[in-house]
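Below: one structure, written as structure tokens.
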Amino acid sequence: MASSSSSTEKHMQGHHEEQIERLATYDRSFPASNITEAHRNYLIERHGTFQLDPVPDFTDADPLNWSLPKKTINILLVAFHAMMATFTAASIQSAFENIAEDLNVSLQRTTYLTSLFIAILGGAPLFWQPISKRYGRRPVFLISLVIGAVGNIGCARSPSYATMAVCRAITAFFISPAAAIGSGVVKEVFFKRDRARYMGIWTLMVTIGVPAAPFIFGFLAQRVTYRWIYWTLAITNAVQFVLYLFLGHESRYMRGGDEATKARSLFLFRRIDSSKITAYEFIRPFRFFGKLCVVLPAFAYSIVFLFTSVMITVEIPQLFGEKFHFNTQQLGLQFLGTIIGSIIGEQIGGAASDYWMNRRAKRGVHPQPEYRLWLSYLGYGLSICGVVVFLVQIENAPALHWDVSPIVGAGIAAAGNQIVTTVLITYAIDCYIEDAASVGVFITFVRQILGFIGPFW
């Protein structure tokens with residue numbers, strides 16, 4: 001009996017610690033009533049109120065105290081960088097036949113250039129997250145763009161399939177950080193009341209990177225050599241680097257101490273967190289396999305993403321090419337429905353999601369993270385409906401007689417996917433807000449691995 005009682009007590013203690021960790025990470029801010037009068041006046045002057053969550057430090061160096069234009073520019077740079085990861089992965093889908101012919105390999109083997117990229121995008125952020133925690137997000141993003149551009153130039157100049165595969169792997173490894181740790185940037189820059197809206201900008205760009213690439217490069221592949229796809233990507237990375245260098249600011253901020261209050265130079269790089277990097281930190285995101293409020297949303301979102309984004313993106317070139325005999329430009333136009341659907345869905349997943357939570361809070365009831373999940377059901381329903389419409393209508397369409405209804409289905413599925421994406425990722429991050437970057441890395445890993453495996457079956 002004593003042993004059983006001890007076991008039960010330990011179980012309850014473990015559950016209690018889990019609850020404490022969740023609540024602590026969800027709302028780590030100290031009460032606004034505990035701040036000094038000068039601090040309170042500073043916040044009122046800066047934000048119009050001192051009732052903020054979290055409560056920022058009494059300094060302009062705290063990213064939470066940045067002006068809205070500065071915050072907006074920063075998140076747009078990070079979100080576009082995140083888009084370039086999935087965009088670059090899907091960039092050569094319109095040119096598989098051209099690449100196969102040029103490098104004298106099979107069409108199936110050519111598709112591995114994309115599969116390889118997808119798999120590396122899932123694993124590489126495990127390396128970048130601890131580095132960006134110590135040295136800051138901005139240096140990692142700048143290095144990412146420099147080597148990413150070099151990798152794309154290598155692809156453009158590759159004389160063989162093996163060389164191109166190596167260069168694609170290098171590009172994938174270095175272009176990956178923003179697509180995973182962007183969640184940490186959102187958490188560091190924006191208050192909880194606006195978190196879903198700006199998290200949605202980041203997730204939307206990650207999502208539309210997949211259909212936007214064949215939509216844009218379908219026109220290019222039709223008119224010039226496919227190698228200009230790589231040159232265009234390299235030029236884009238170079239422009240991003242310049243914009244980051246002069247307009248991007250460091251969002252990693254250590255509260256407390258004299259160092260935290262110092263203004264940061266755009267051209268002075270230094271270590272932000274002096275704690276030692278351990279081997280465990282490179283696999284630390286995998287601990288979320290044991291956290292139900294992260295692992296369940298991660299797999300739910302990844303499955304929806306697999307069917308509504310990856311599957312439809314992979315199937316459009318094959319199904320429409322065979323049934324309607326479309327060229328690369330015509331195939332690229334079919335992705336417009338997915339892009340429009342994603343943008344529409346984000347209005348519900350982002351701004352409406354914040355309104356949903358803030359409306360509850362205004363009633364005097366502090367909403368738990370789970371309250372946000374009600375909106376995800378609409379996303380699941382639209383995803384299922386859209387996939388069914390897409391597949392049924394493409395089957396029913398007469399050969400050589402194009403019908404817009406499958407694209408409407410793809411748009412509906414994309415809207416559902418974006419609602420699920422923003423709601424579930426924001427929910428998971430709300431549960432472990434202090435580990436926002438690690439949560440983003442874990443979710444990215446699950447999504448990319450399923451995205452890599454999915455096309456094989």
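Using the three backbone atoms N, Cα and C, a Cβ is placed for every residue, glycine included.
No curator has checked TrEMBL annotations; they are predicted automatically.
Residues or ranges marked as domain 'Major facilitator superfamily (MFS) profile' by TrEMBL: 74-457.
Beyond the ends of the transmembrane segment (73-92), by six or more residues, the same chain brings 63, 66, 99, 113-114, 117-118, 121, 137, 141, 144-145, 148, 152, 171-172, 175-179, 182, 185-186, 189-190, 198, 201-202, 204-214, 217, 226, 229, 233, 236-237, 240, 243-244, 247-249, 251, 313 to within a C-beta distance below 8 angstroms of the stretch. Per TrEMBL, transmembrane segment is recorded for 73-92 (among others).
The feature transmembrane segment is assigned by TrEMBL to 112-128 (among others). Here the transmembrane segment (112-128) has Cβ contacts under 8 Å with residues 85-86, 88-90, 92-93, 99, 140, 144, 164-165, 168-169, 171-177, 179-181, 282-283, 285, 440-441, 444-449, 451-452, 455 of the same chain, all six or more residues outside its ends.
As annotated by TrEMBL, transmembrane segment applies to 140-159 (among others).
Summarising the annotation, TrEMBL assigns transmembrane segment to 165-186 (among others).
TrEMBL lists 198-222 (among others) with the feature transmembrane segment.
Annotated transmembrane segment per TrEMBL: 228-247 (among others), in sequence order.
Residues 22, 207, 210-211, 338, 369, 376, 379-380, 383, 386-387, 390, 410, 413-414, 416-417, 420-421, 424-425, 427-428, 431-432, 439, 442-443, 446-447, 450-451, 454-455 of the same chain lie 6+ residues outside the transmembrane segment (292-312) yet bring a C-beta within less than 8 angstroms of a C-beta in it. Per TrEMBL, the feature transmembrane segment maps to 292-312 (among others).
Taken from TrEMBL, the feature transmembrane segment covers 332-352 (among others).
Marked as transmembrane segment by TrEMBL: 373-394 (among others). Beyond the ends of the transmembrane segment (373-394), by six or more residues, the same chain brings 300, 304, 307-308, 311-312, 319-320, 323, 341, 345, 348-349, 352-353, 356, 403, 405-421, 423-424, 427 to within a C-beta distance below 8 angstroms of the stretch.
Taken from TrEMBL, the feature transmembrane segment covers 406-429 (among others).
Marked as transmembrane segment by TrEMBL: 436-456 (among others).
At the 8 Å Cβ cutoff, the transmembrane segment (228-247) and the transmembrane segment (436-456) share fewer than 3 close pairs (sequence separation 6 or more) and do not count as touching. Here the transmembrane segment (436-456) does not touch the transmembrane segment (332-352). Their Cβ atoms form fewer than 3 pairs under 8 Å, with each pair 6 or more residues apart. For the transmembrane segment (198-222), the neighbouring stretch richest in Cβ pairs under 8 Å, chosen from 165-186, 332-352, 406-429, is 332-352. Distant neighbours of the transmembrane segment (165-186): 74-75, 78-79, 81-82, 84-86, 88-89, 112-113, 116-117, 120-121, 124-125, 128-129, 132, 137, 140-141, 143-145, 147-148, 150-152, 154-155, 158, 195, 198-199, 202, 206, 237, 251-252, 425, 429, 436-437, 439-441, 443-445; these residues of the same chain sit at least 6 beyond its ends, with a Cβ under 8 Å from one of its Cβ atoms. Long-range Cβ contacts of the transmembrane segment (406-429) within its own chain (Cβ-Cβ under 8 Å, at least 6 residues beyond either end) map to 183, 187, 195-196, 199-200, 203-204, 206-207, 211, 293-294, 297-298, 300-301, 304-305, 307-309, 312, 316, 334, 336-346, 348-350, 353, 369-370, 372-373, 375-376, 378-394, 397, 436, 439-440, 443. Sequence-distant contacts of the transmembrane segment (332-352), counting only residues of its own chain at least 6 positions beyond either end whose CB sits under 8 Å from a CB of the stretch, comprise 94, 196-201, 203-204, 207-208, 210-212, 214-219, 309, 312-313, 316, 320, 326, 375, 378-379, 382, 386, 407-408, 410-423.
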